[in-house]
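Engineer: One structure, pasted below without further comment.
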Amino acid sequence: MADVFALPESGNREREAHAAKLREFELRRKIRQVVVPTDDGKVRQLLRQLGEPVTLFGEREMERRERLKRIIAQRDGEVELDLPTTEQLLSEEVAVQKELFYTEGPDELRAARLALARFSLVRAKGRLLGAKRRREDPDALPVAADNQATAAAAVRTIVQQSSELGDTRPISHCQFSPDGSSLAACGWGGALALWSVPACTKRWTAPVPAEGPRLTGVAWHPAATHRSHSEAAVNLASAASDGVARLYSGRGEFLRSLEGHTDRLARLDFHPLGRHLATASFDMTWRLWDIETGVSLLEQEGHSRAVYAVAFHPDGSLVGSAGLDAYGRIWDCRTGRSVLLLEGHVKQLLAIDFSPNGYHLATGSEDHTAKVWDLRKRGCLYTIPAHTSLLSSVRWERTEGHYLLTAGYDCVAKIWNARNFSLLKALAGHEGKIMGADVSPTGSHLIATVSYDRTIKMWAPEELPTLA
């Protein structure tokens with residue numbers, strides 16, 4: 001009679017772990033096959049039919065829908081629900097009410113939209129004429145390919161050039177000046193500071209507000225550092241956790257506060273015309289301000305959760321908003337209409353940026369991916385599995401859009417080729433999550449990153465750019 005030997009306890013554990021993984025894979029396969037309504041009210045109704053909690057503490061709509069799918073997959077064959085087919089869901093989406101609603105606005109908004117229309121049409125005409133000339137020029141395509149290859153080769157040689165302790169608390173955001181000679185950075189300590197480039201020496205620190213709020217975003221006026229723009233005029237703007245945006249001169253003097261939001265601010269951006277500022281807020285709106293009068297011209301709703309970032313199109317015709325509802329929206333600045341919904345991320349959006357070419361747009365999300373959208377096709381062009389944690393920043397190379405910079409909470413910034421979205425360079429060096437990043441507008445491939453570790457780091461090709 002053959003002897004029977006019992007398997008060691010470690011072998012049993014491994015077998016059980018393997019079986020658990022197989023069950024999880026099978027469950028995920030079933031979840032993918034389950035079709036449930038997209039309407040949150042119907043999702044709640046089905047959960048009630050199953051005897052499950054209608055909602056859990058802190059649960060969002062998309063999380064509730066995923067919970068329903070998992071429950072149905074786990075009870076495969078045990079419950080009978082009147083679930084919709086894919087065709088029914090599509091017909092429901094088509095049947096969504098498309099009636100337009102108009103809200104009366106002030107005369108200042110009408111005047112602002114007329115000014116934005118005149119400005120953006122001229123810029124758009126110039127951009128399109130330039131694109132037409134390049135298309136008809138037989139030498140343009142090889143030159144563009146050579147420029148792309150040169151930029152990619154330069155980016156591959158980028159190394160860390162300097163690192164400075166920028167604040168006593170985490171630094172939340174940074175942006176290069178329009179001429180690339182300075183870097184503005186702000187942080188949780190409430191201080192807005194100006195740093196030289198590329199030496200990274202502090203030039204000045206703006207007075208900290210008496211309330212001492214965290215600063216969450218900084219933006220440069222598009223004409224700042226230009227000879228025609230006075231240093232005493234508005235050069236910089238900051239967003240704060242007290243819901244107030246503040247305007248500063250080129251010397252760091254406080255000029256005016258923009259008050260109106262009912263919750264904390266996140267990012268902000270100047271319109272290319274230079275007269276208006278957009279602010280994103282956790283009150284689920286973004287606002288358009290007249291920086292000369294301090295008047296709120298527009299309070300734009302449209303997101304179901306907080307709005308985290310806003311960015312203007314290079315022509316000034318469009319503005320993009322990124323929301324914590326996992327959607328991005330493109331708005332026409334001249335009419336106020338939402339012209340495109342960016343749907344595809346599965347978690348909240350935290351960053352958005354337009355390419356200089358005028359038709360590409362990038363978004364960064366908590367789902368660890370960056371998506372590149374083509375406005376001409378009104379859809380997603382490519383999804384980059386960029387990081388192992390959420391993305392805090394996405395920024396295009398500012399001259400021709402040769403590459404895309406992404407930064408995340410995995411403590412790494414990465415540079416991606418804009419032609420095929422392959423990885424060109426990973427910038428590792430921070431000891432904490434990267435909270436902001438920017439690319440110099442001069443074409444020198446100089447990059448700045450700011451981090452939870454309170455440092456500002458400058459990255460550039462091994463041959464340091466010669467800037468003041």
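In case you wondered, yes, glycine gets a Cβ from its N, Cα and C as well.
Quick paste of what TrEMBL says about this protein:
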type   : residues : note
DOMAIN : 38-89    : domain 'Pre-mRNA processing factor 4 (PRP4)-like'
REPEAT : 258-299  : repeat 'WD'
REPEAT : 300-341  : repeat 'WD'
REPEAT : 342-383  : repeat 'WD'
REPEAT : 384-426  : repeat 'WD'
REPEAT : 427-459  : repeat 'WD'
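Tell me about the surroundings of these features in the structure.
Structural biologist: Sequence-distant contacts of the repeat 'WD' (258-299), counting only residues of its own chain at least 6 positions beyond either end whose CB sits under 8 Å from a CB of the stretch, comprise 105-106, 108-109, 112, 115-116, 119, 123, 173, 216-223, 234, 237-247, 305-312, 314-316, 319, 321-323, 333, 336, 351.
Long-range contacts of the repeat 'WD' (300-341) within the same chain: residues 60-62, 100, 105, 113, 116-117, 119-121, 123-124, 127, 263, 266-273, 278-288, 347-354, 356, 358, 361, 363, 365, 373, 375, 378, each at least 6 residues beyond the stretch ends and with a Cβ under 8 Å from a Cβ of the stretch.
Sequence-distant contacts of the repeat 'WD' (342-383) (same chain, at least 6 residues past either end, Cβ-Cβ under 8 Å): 62, 124, 127, 267, 305, 308-315, 318, 320-330, 389-401, 404, 406, 408, 416, 418, 421.
Per-residue confidence over the repeat 'WD' (384-426) averages out at a pLDDT of 95.
Assigned with DSSP, the residues of the repeat 'WD' (427-459) fall into helix, strand and coil as follows: 0 helix, 18 strand, 15 coil.
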Engineer: Under the DSSP assignment, what numbers of helix, strand and coil residues are found in the repeat 'WD' (300-341)?
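Structural biologist: In the repeat 'WD' (300-341), the DSSP-based counts are 0 helix, 23 strand, 19 coil.
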Engineer: What else in the chain is close to the repeat 'WD' (427-459), if you only count residues 6 or more beyond its ends and a Cβ gap under 8 Å?
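Structural biologist: Distant Cβ neighbours of the repeat 'WD' (427-459) are 151, 154-155, 158-176, 178-180, 183, 185, 187, 195, 197-198, 200, 389, 392-393, 395-399, 405-415, 465, 467.
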Engineer: What does the DSSP secondary structure composition of the repeat 'WD' (342-383) look like, as residue counts for helix, strand and coil?
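Structural biologist: DSSP composition of the repeat 'WD' (342-383): 0 helix, 24 strand, 18 coil.
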